[in-house]
Amino acid sequence: MGLVGCVGKSSLVSMELRWARRRKSDNAASALPRSIPIYISTLKKDINLEELRNLYSLCNHSCNRLSEKDSNVEKIVDMKKLRRAISRSDVIVSVFCKPQHVDVDDAVLYSEEESLSSSLYTSEFGRQNKDDSFLGDLFQNAVPLTPSNGQLVGFGRAYSDYGLTASIHDLMVLPSLQRMGIGKLIVNRIVRLLTSRDIYDIAALCFEDERPFFKACGFGDDRMGSTTMMFTKSLEA
């Protein structure tokens, strides 16, 4: 796990509809469309906590930085802590796509873990599966993509002191939609929001195998060669 820094600047958009495209060499996802529309939001009101918690699980992303990197995430942070973390995060970026554009395995896992009682996205149209009728798919494709009818497939957040420094945490993209540039879009949006507030000392808390990705996003080692250290000593009564 390390700490890397970045500098950047650009304009602000709180909501945006973009297209994500798969690489031609990515044969693993050949059954899925090569280009899909995605909805990018920086509004906290668009986040459904139950869907976000499911995304943590689907991405095998743990909030516990002391856990093993490759171990399965059996217990996600509880809902109260997650709600508090989101409410106190300074920057939130979420990405949505239409449910039929998600890999069927991810869709099945998502459906099994989704709590319908707390979901904001239940509607009379339901979520589309590959065996749905042609008319149902046609209608779903015609409906404009929004957070209310889309599935949360990407997420990232940042904390700052509102003056000097900020750090990026919990960057996630649904496995079947990785390698489409969605993660880079999330990082770039976070950086633009922070630099618009005149905050340029931006760090990313990441694992060693994530460093090449952040390097491609413009991050690098700081001048002091510093690294992150976690408190590991048990507190004595």
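All residue numbers here begin at 1 and follow the chain in the order shown.
Just so it is clear, glycine is given a Cβ too, placed from its N, Cα and C backbone atoms.
The transit peptide feature in Swiss-Prot is assigned to 1-93. As annotated by Swiss-Prot, domain 'N-acetyltransferase' applies to 94-237. Marked as acetyl-CoA binding site by Swiss-Prot: Leu171, Met172, Val173, Arg179, Met180, Gly181, Ile182, Gly183, Lys184, Phe207, Glu208, Asp209, Phe214.
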Around the Cβ of Phe214 (acetyl-CoA binding site), the count of other Cβ atoms that are within 10 Å: 23
Distance in Å spanning the most remote Cα pair of Leu171, Met172, Val173, Arg179, Met180, Gly181, Ile182, Gly183, Lys184, Phe207, Glu208, Asp209, Phe214, given for acetyl-CoA: 21
Other C-beta atoms that fall within 10 angstroms of the C-beta of Glu208 (acetyl-CoA binding site): 9
CB contacts for Leu171 (acetyl-CoA binding site) [other CB atoms within 10 A, all chains]: 25
